[in-house]
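Everything on this sheet refers to the single structure shown next.
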Amino acid sequence: MAATPPSAAGLGPRDRLALAAVLLAVALATLDSTIVNTALPAIAADLKSPPAQAIWVVNAYQLAVAGCLLPFAALADRLGARRVHLGGLVAYMLASLGCALADSLTVLAIARALQGIAAAALMSVNIALIRAIYPPQMLGRGVGLNALVVGVSFAAGPTIASLVLAVAPWPWLFGINLPLALLALLVAWPALPRSHTAGAPPDPLTALLTALCFASLVGALSAATQRQPLVVVAPLLALTLGAGALLLRRQAGHPAPMLPVDLLRRPMFALSICTAVASFCAQGLAFVSLPFFFETVLHRDPVQTGFMMAPWAIMVAAMAPIAGRLSDSQAPGLMGGIGLVILSAGMAAMALLPGDASVLRITLGMAVCGLGFGLFQSPNLKAIMSAAPPQRAGGASGMVAMARLNGQALGAALVALCFGIAGSQGPVVALALGAGFAALGALSSAARLWVR
């Protein structure tokens, strides 16, 4: 009999099926956040829409995910992560079918928003389900696999889109979701574990305020990234602040608030979330600025640029399961701090590359960045989930996804600011700023060595 893979050691057959179903669903939801970008010109041309309006195919998905993550996480604490996940898969299939059949940009944007809502249901509970599948002493391995799947899926989106578009029209970018999501549903239905539920009914007004707060925040950051005028950005920020203030007031004293301020009062949880936001901001700064850096500063063509982005993703994929195993025995504050120091050094080294830098130097710099990010991610995920009580696993899982989404959106917005201030040197400034955010994350991570 073949040896059991280390990542699955100690799991029974049913738990392995449950893990496979969760990871497949996470891969689909993550892929759809980036897979459409490459196809936007083709979609705009086919639907006879101005290219500037086609960006709503991306924005509708992002805004829906941002607005619905925490409401679904709270719903999971009340109804169970299994029910939210299964409902999300069914909705995801229906929304993907709507995207594939869309005959106008308006219909496609609406279907993408519905797909984003379904993806939020999946993303909000994936870590909670992994926590339910793995025993506590092996949780690091589970979150390591999750980090591996998220990292590879996020980076592979444009490549997969190019492969699909080479042999089929753009609707198949959504059509391929149907058999895969159906497979995930058929496996998940009998295999997913049932989790603790609080039983309190959901509060629709609180869910609405939460959705308004975070959707408007991501909308404001997206508008800033696209260099929209202040008259567009300012009202969105005002809506964020207003909805946030009303949300905090309404949730004051609630034992399990939708915006989990009760968890943020726990030092380990709060520091881990701060570390996540800083690190994903650094990642957002890097991933948006690096294509411009390669083409305008290092004078590489688009094909070379695509290959030069690969070492980061490859190293994240290689390190995630290793770091996950190590996190079962090592302090997350130490591992996360070391990883983010390495990421900071790698981004600083990239920013200092001369215009005639060799391919070897570029590859090494990107590999160092991926090494650092991969070393940080799994221990930080485990620290977040371990700091939350079992009955708040849904809220903690939602905050993981929210930290990633908002950090990446902030990083992208800061790239636009760097371009506006530094002009042609904007990519260099953005990479240097990313190194600073990674260093800030390292300090936040190290602070966890002195708290429980």
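Positions of Cβ are set from backbone N, Cα and C atoms, glycine also.
Annotations in TrEMBL come from automatic prediction, not curation.
In TrEMBL this protein carries:
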type	residues	note
DOMAIN	18-452	domain 'Major facilitator superfamily (MFS) profile'
TRANSMEM	54-76	transmembrane segment
TRANSMEM	117-134	transmembrane segment
TRANSMEM	146-166	transmembrane segment
TRANSMEM	172-192	transmembrane segment
TRANSMEM	204-224	transmembrane segment
TRANSMEM	230-248	transmembrane segment
TRANSMEM	269-294	transmembrane segment
TRANSMEM	306-326	transmembrane segment
TRANSMEM	333-353	transmembrane segment
TRANSMEM	359-376	transmembrane segment
TRANSMEM	405-422	transmembrane segment
TRANSMEM	428-451	transmembrane segment
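A contact between the transmembrane segment (428-451) and the transmembrane segment (269-294) is present, since 3 or more of their C-beta pairs, 6 or more residues apart, lie under 8 Å. In this chain, the transmembrane segment (172-192) does not touch the transmembrane segment (306-326); fewer than three CB pairs sit within less than 8 A of each other, excluding pairs fewer than 6 residues apart. The stretch in 54-76, 172-192, 269-294, 333-353 that contributes the largest number of Cβ pairs under 8 Å to the transmembrane segment (146-166) is 172-192.
Sequence-distant contacts of the transmembrane segment (117-134) (same chain, at least 6 residues past either end, Cβ-Cβ under 8 Å): 11, 15, 18-19, 22, 25-26, 28-30, 32-33, 61, 64-65, 67-70, 72-73, 76, 81-82, 84-85, 87-89, 91-92, 94-95, 141-143, 145-146, 192-193, 195, 381, 384-385, 390, 393-394, 396-398, 400-401. For the transmembrane segment (359-376), the partner stretch with the highest count of Cβ pairs under 8 angstroms, out of 204-224, 269-294, 405-422, is 269-294.
If one looks beyond the transmembrane segment (405-422) by at least 6 residues along the same chain, the residues whose Cβ comes under 8 Å of a Cβ in the stretch are 62, 65-66, 69, 214, 217-218, 221-222, 224-227, 276-289, 292, 428-430, 433-434, 437. It is 333-353 that, among the stretches 54-76, 172-192, 204-224, 333-353, forms the most Cβ pairs under 8 Å with the transmembrane segment (269-294).
Sequence-distant contacts of the transmembrane segment (54-76) (same chain, six or more residues past either end, CB-CB distance under 8 Å): 32-33, 36-37, 40-41, 43-44, 47, 83-84, 88, 105, 108-110, 112-117, 119-121, 123-125, 128, 195, 202, 206-207, 210-212, 214-215, 217-219, 222, 226, 256, 258-260, 393-399, 401-402, 405-406, 409. Packing against the transmembrane segment (333-353) from elsewhere in the chain are residues 271, 275, 278-279, 282, 286, 290, 293, 297-298, 323, 326-327, 361-362, 365-377, 379-380, 383, 428, 431-432, 434-436, 438-439, 441-443, 445-449: each is 6 or more residues past its ends and has a CB under 8 Å from a CB in it.
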